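What follows is a single structure, written as structure tokens, with notes after it.
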Amino acid sequence: MPELPEVEVVRRGLERWVSGRTIAEAQVLHPRSVRRHPAGAEDFAARLKGHIVGIARRRGKYLWLPLADTDASILGHLGMSGQLLVQPEDAADEKHLRIRIRFDDSLGTELRFVDQRTFGGLSLHDNTPEGLPEVIAHIARDPLDPAFDDAAFQTALRLRRTTVKRALLDQSLISGVGNIYADEALWRAKLHYERPTATLTRPRSAELLRHVRDVMNEALAVGGTSFDSLYVNVNGESGYFDRSLDAYGREDEPCRRCGTPMRRRPWMNRSSYFCPRCQRPPRPTRTLS
DNA sequence: GTTAACACCTGAGAGC
DNA sequence: TGCTCTCAGGTGTTAA
């Protein structure tokens, strides 16, 4: 389940193995994987041909490959199960291979987009003057971006009438955080996932932001998190951060801080993992009559 | 304008 | 053995 650290690992792989190469041909093997390209699969393939791939970039969970000689970029999102793999041209096709990009050189490798659940995809978009694909202009900067504005984030958090985990997953407020790292950061900050954002003091929100950054940087240092074969880097290798998770997936296991069995609660069609002792639920708010 | 709920999608695993 | 059901969850769309 790729979140920011996993996407950054993939971006680095693309920068190393794909940037600077000229696209010879693109094959779309599943139309859903280019559904965000309004002009369709044929147009997507035709517009890539002959262009040089620029330096891979990322914002939150989106990554893009600028086409160096145009004002457009190939935008990618891995969704739930997407993989961007650099494979030998003669390697057998993966079962869920959706898009193949061949290059006009003699390196003998090609770029493959493999996606079991087809939540992810590739598309081609014009760039904004800042070099960002226009369709992701609404995505906030991520907390590892040097230009991320801590004070603005804290202010926005205070003004929201929502709960803290919803806010962490709101990509227009802060990008790159998914269910796993949200639970990890909240556990470290000793915050319950349903804590109203308006009740967070500046020091508390600053501490939460610090934990978000810490957990992402630690995951990045070991190549990301992987529970199964659904997340891998461009070489098909998995990360190791799942061995360091303190909250996510640890239902009934003892809290690493206080020993209380961790709990899992259904939340927004997914799960929230928390320690019922360290992360006390918020007091019920008074209703005005 | 803001917030919440839902659809999309496939395969692993549990239960019968 | 094989069938059905549940679960996993990021994003865009729709509803409130």
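Sequential numbering from 1, following the chain as shown.
Yeah, the Cβs are placed from backbone N, Cα and C, and that goes for glycine too.
Its own atom aside, the Cβ of A:Pro2 (active site, schiff-base intermediate with DNA) has 28 Cβ atoms within 10 angstroms in the protein chains shown. Residues or ranges marked as active site, schiff-base intermediate with DNA in TrEMBL: A:Pro2.
What TrEMBL records for A:Glu3 (among others) is active site, proton donor.
Within 10 Å of the C-beta atom of A:Lys61 (active site, proton donor) sit 24 other C-beta atoms, taking all shown protein chains into account. TrEMBL lists A:Lys61 (among others) with the feature active site, proton donor.
Sequence-distant neighbours of A:Arg270 (active site, proton donor) (same chain, 6+ apart, CB under 8 A from its CB) are A:Asn179. Following the DSSP three-state reduction, the secondary structure of A:Arg270 (active site, proton donor) is strand. Annotation comment: TrEMBL describes A:Arg270 (among others) as active site, proton donor.
In this structure, A:His96 (DNA binding site) belongs to neither helix nor strand by DSSP; it is coil. Neighbours of A:His96 (DNA binding site), defined as other CB atoms within 10 A of its CB across all chains, total 18. The DNA binding site annotation in TrEMBL covers A:His96, A:Arg117, A:Arg160.
The domain 'Formamidopyrimidine-DNA glycosylase catalytic' annotation in TrEMBL covers A:2-120. Across the domain 'Formamidopyrimidine-DNA glycosylase catalytic' (A:2-120), DSSP classifies residues as 26 helix, 45 strand, 48 coil.
In this model, the domain 'FPG-type' (A:246-280) carries an average pLDDT of 89. What TrEMBL lists as domain 'FPG-type' is A:246-280.
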Measuring Cα to Cα, how many Å separate A:Glu3 (active site, proton donor) from A:Arg117 (DNA binding site)?
16
Within-chain partners of the domain 'FPG-type' (A:246-280) [C-beta distance under 8 Å, separation at least 6 from its ends]:
165-166, 179-180, 183-184, 186-188, 190-193, 227
Which residue, of the binding-site residues A:Arg117, A:Arg160, has its CB surrounded by the fewest other CB atoms within 10 A?
A:Arg117
Give the number of CB atoms, excluding that of A:Glu3 (active site, proton donor) itself, located within 10 Å of its CB.
24
List the helix, strand and coil residue totals of the domain 'FPG-type' (A:246-280) as derived from DSSP.
0 helix, 12 strand, 23 coil
